[in-house]
Amino acid sequence: MRLIIREKPDEASSYVADYIAHRIKEFKPTRERPFVLGLPTGGSPISVYQLLVEKYKAGEISFENVVTFNMDEYVGIPRDHPQSYHTFMWRHFFSHVNIPPTNVHILNGNAPDLAAECDAYEAAIVAAGGIDLFLAGIGSDGHIAFNEPGSSLASRTRVKTLAYDTVLDNARFFDDDIAQVPRLALTVGVQTILDAREVVAIVVGARKAVALRECLESSVNHMWTLSALQLHRHATIVADEDATLELRVRTVKYFRDIEKVARAQGFEQLLSTRLRTVSDVTRNPARTYPQPAAAVVVDEVQSPATSPTLVHPQPVNASLLRAASPAADDQSARSVSPDFVPDRMASRIPEPELARRLTPNPEQQLFIRTNAVGA
Amino acid sequence: MPAAVPPTRPRTGITRFTNCRLVKGDSLVEEDLWVSSQSGKIVSSQAAFFDDLALPDESIDLGGRIISPGLIDVQLNGAFGFNFSTLLEDTAQYGKKFLEVKKGLVATGVTSFLPTLTSQTSGLYQKVLPYLGPSRGIRRFEDGSESLGAHVEGPFLNPAKNGIHSKDVLLEAQTFEDIEACYGKANLGARESNNSPMTMVTVAPERGQMSKLIPELRKRGIICSIGHSAATYEEALVAIEAGATMITHLFNAMRPLHHRNPGIFGVLGAAENLQRPYFGVIADGIHLHPTTVNIAFNTFREGFILVTDAMHMMGLPDGAYQWTNGDATSNIVKVGPTLLLEGTDTIAGSSISLIECVNNFLKWSGTTIPAALKTVTATPAAMLGCQETKGSLNAGADADLVIFSEQLKGGTTELVIDEVWKFGNRAYCRGPVKPPHGTK
């Protein structure tokens, strides 16, 4: 994971906008091979959209061959309601750029069959060839899309009940009347986001500082769903100074340093050149991703005969970043872990780790920790 | 902007205005506006995008200029040399002349209006009214400005307040049959049918039994306006209670405001908990003192409607012009903007355009541009009960638009008409039409 820190929120937004514009331009999308962009709603991304619109108006970028997928939408409010995410996207972005309406995908919160709508959405993402770049925001409780605390990190697009806190928080957009606030939403899952080839999250403001600390410095945890980004090969968090208030000084210094060194070395891009300017051959529609139905184990009802223990437990990494996921396209860069079936818990803990942890060697400890943060 | 035109996109008939300020309520809103030349209406861009997957054929960058709903004049007696109260030998010629006026009028920013007939003989009303009715189903931008139905100013008026109307043709109505006999039964339409070519009548409620006949007119969808009347405050109140919702050219041809008898103006004081009526005001600088205009505006802003009361001399050079006045013919002398009945000092209507009234009013009142434009768009539309289709830039309303630029003149801002659009098509352009750029 990379952490990019900028002093002011608008500098963070401008970094993200520049980055997206750069990615689109470098990709040279065509009608047959569009650039697939995942998009959020919320306060932090507004200025990113503004900047992208400015770039479009200045003739810098075109959205003619960009396909978009939005993260979420409320259930049960009219599509053209001032607070709907359709309206948000239309007002802040789509109405100002040249994106063809057929390229835009937003979940329909008024679909007669919400579950079918969610499945179709996942299928549409797959049909588009997977998401190239998912832009994300973050809630003050660390949620990504409407994947609020406790959401499965293996979740897919689905109907979600909103946390009471979120309902209270949103009441200000609905005449301060809690009764008017939608209680359900459709949202992409954490796994849907992890399947993107690249994820960029923008985190600004002191209100998000605790969430950023939990997602960045703590372990992967479903109570802070953004922390799942730690498992992604190409994740970037762009934050302003205020958002880093809860981070350790060391963390901030470390990421600042990396960025400086990387820039000096001309190594700013995280994605491999092959992914950034992927050729027609590798993105051939023939390369289809299997439907993720099997991955949604959380909703599967186990038969009573089956023991609750997993018969074939998979390593976490293999389950969250499956080999078939578009995010795993860059396999050549990393070695693939061999599948193995451990028979007891102890065998799942790698031996060297265990040995090192038992060694009371402060110097080595320090070395490991620094590495761990940067990994 | 990038002008990549995809070859396969079907034409949608939609034009997008961008980089513009829309007159919405009392403010100028920076927002795009989508209009369709196919439906002739303002399009909800969001619905068009998500439902119909439609994109505009053309995008027009207005460089920050103002888009207002098309102007509405509810009192216009004629223009470009043609007086609506004219009986022609060949009645077919009347329709042709009327069409010419409508085509000319659209360039003045007036996209819909009430052609107004002064007090005339019954014969003229019966022959002429069928030509002046609302165009209803016909929506042709080539026809120019659109008639919303006739405003019949008389002849049930008070001879004491006749203005330039001929006293000889003024009538008193005791029963509804008297009204039918004057205008013709067919021209009044049937009850609840709303099919009369007459949209509004100006009456003096104190004459005959007029106050009692107002409800019968209302049932035919005809708006009743108090004017050319010597009604006391109390008599005016009775008329309002009976269903009158408008006052024709406030202050002119009525008793002046007196502190012991406020007269018709008194009903604007929100007395007796009655709905306050709308009222027309002529802001040509001759009919009313600027301060009087401001007093009326500040008394009841929501009812304030600027009207021209323009005669057919509008746009013609100075001189004496023949005018059919009831069953006689007299002359009106035009000197600059002033019109006087020959041999008298009686004001004979105006020869001002509606946008000049708006600019005068802007100068005198110092109010905002949207508030000034409201008096000739949303307010008259509300008075006529057509606020959903006229005088509004909301989705679903008719795409009648005026594009203004602002010019600083003598320390105040003046509005200049650059373009006029009718039913989603460009009907007038001040300069040469720029070729579309950035078709998206």
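One-based numbering along the chain as shown.
For all residues, glycine too, the Cβ spot is worked out from N, Cα and C.
What you see is a predicted model, and the numbers here were worked out from it, not measured in a lab.
TrEMBL has this to say about the protein:
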type	residues	note
DOMAIN	B:66-425	domain 'Amidohydrolase-related'
BINDING	B:Glu153, B:His228, B:His249	Zn(2+) binding site
BINDING	B:Ile164, B:Asn252, B:Ala253, B:Arg260, B:His287, B:Ile347, B:Ala348, B:Gly349	substrate binding site
ACT_SITE	B:Asp309	active site, proton donor/acceptor
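Secondary structure from DSSP puts B:His249 (Zn(2+) binding site) in coil. Rounded to the nearest whole angstrom, the C-alpha distance between the residue listed as 'active site, proton donor/acceptor' and B:His228 (Zn(2+) binding site) is 13. Annotated pair B:His249 (Zn(2+) binding site) and B:Gly349 (substrate binding site), C-alpha to C-alpha distance, rounded: 10 Å.
A simple Cβ count within 10 Å picks out one of the binding-site residues B:His228, B:His249, B:Arg260, B:His287 as the most packed, and that one is B:His228. A simple way to gauge crowding: the CB of B:Gly349 (substrate binding site) has 28 other CB atoms within 10 angstroms, across all the protein chains here. In the three-state DSSP scheme, B:Arg260 (substrate binding site) is classed as coil. Listed in chain order, the extra residues whose Cβ falls within 8 Å of the Cβ center of the Zn(2+) site residues B:Glu153, B:His228, B:His249 are B:Gln75, B:Gly154, B:Leu157, B:Gly163, B:His165, B:Thr202, B:Ser225, B:Gly227, B:Thr248, B:Asn252, B:Ala253, B:Asp309.
Checking Cα-Cα distances from B:His228 (Zn(2+) binding site) against the binding-site residues (B:Arg260, B:His287, B:Ile347, B:Ala348, B:Gly349) with a 10 Å cut-off leaves nothing; none qualify. The two recorded residues, B:Arg260 (substrate binding site) and B:Glu153 (Zn(2+) binding site), have Cα atoms 29 Å apart. Between B:Asn252 (substrate binding site) and B:Glu153 (Zn(2+) binding site), the C-alpha separation comes to 13 Å. Our reading of the substrate binding annotation (B:Ile164, B:Asn252, B:Ala253, B:Arg260, B:His287, B:Ile347, B:Ala348, B:Gly349) yields a largest Cα to Cα distance of 30 angstrom.
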